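If you check Swiss-Prot, you get these features:
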BINDING   LYS26, 73-74, 100-101, LYS104, HIS106, 128-136  5-phospho-alpha-D-ribose 1-diphosphate binding site
BINDING   THR132, ARG161  orotate binding site
Amino acid sequence: MESYKSEFIDFMVESDVLKFGDFTLKSGRKSPFFMNAGAYVTGSQLKRLGEYYAKAIHANYGDDFDVLFGPAYKGIPLAVVTAIAYHELYGKEVRYCSDRKEAKDHGADKGGFLGSKLKDGDRVVMIEDVTTSGKSMEETVPKVRGAADVTIVGLMVSLNRMEVGQGGKVSALDEIHEKYGFEGKAIVTMEEVTEYLYNREHDGRVVIDDTIKAAIDEYYKQYGCK
């Protein structure tokens, strides 16, 4: 496992972003784990988060893109901090763009987007916290492609939950690839998280013990990718 991956897993636990217990997801599924990117609230946390996203994007997509697009609302700060980190780490200037839940009807920046305008020929990397079932892309992709003649290079999420999408046959990220034609990648997968944290102590406690591991295994029997 690359060092930035293990560091990111530790970072999620330290930031109380990755939790284990009983949760109901947006998709309606009952899950033994939950990731809440909204728990990144301090300047130092956001700085580190942007760096991990930037490293993962660079490792998977290289430098051949122009815009980081973060869907509202959680994707907005993700796109901003990653654009900053990408410039600091790799010296490349990339723009950020996000959609508005409600279009602005006045001012120089009126319309359905904030940040940089999308232009014909732009190569776009989408950025989200986590994709469970792919529902979020149903609104976002048409908006981005309808704004200009752009190429969506790919989608980067922080955690690949490695479970089936809405169709119930392939993973949410594979489903997005089949439906929209671009690949989805993640900083880490849930398999990597489980393997790394199983029986490992954080602040004097084991994060994933035998009971939690059994619950995760049972969850993937029902929702895991085949």
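Using the three backbone atoms N, Cα and C, a Cβ is placed for every residue, glycine included.
Features per Swiss-Prot, on structure.
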residue	record	DSSP class
LYS26	5-phospho-alpha-D-ribose 1-diphosphate binding site	coil
LYS74	5-phospho-alpha-D-ribose 1-diphosphate binding site	coil
ASP129	5-phospho-alpha-D-ribose 1-diphosphate binding site	strand
LYS135	5-phospho-alpha-D-ribose 1-diphosphate binding site	helix
ARG161	orotate binding site	coil
State the Cα to Cα distance, in Å, between ASP129 (5-phospho-alpha-D-ribose 1-diphosphate binding site) and ARG161 (orotate binding site), rounded to an integer.
11
Any idea what the Cα distance is from LYS74 (5-phospho-alpha-D-ribose 1-diphosphate binding site) over to ARG161 (orotate binding site), rounded to a whole Å?
18
Work through the binding-site residues one by one (LYS26, LYS74, LYS135, ARG161) and point out the residue whose CB has the fewest other CB atoms within 10 angstroms.
LYS26
Quick check for the class: what is the C-alpha distance, in angstrom and rounded, between ARG161 (orotate binding site) and THR131 (5-phospho-alpha-D-ribose 1-diphosphate binding site)?
7
Output, ordered by sequence, the same-chain residues six or more apart from THR131 (5-phospho-alpha-D-ribose 1-diphosphate binding site) with a CB under 8 Å from its CB, or 'none'.
MET137, LEU155, VAL157, ASN160, ARG161, ALA172, LEU173, ILE176, GLY184
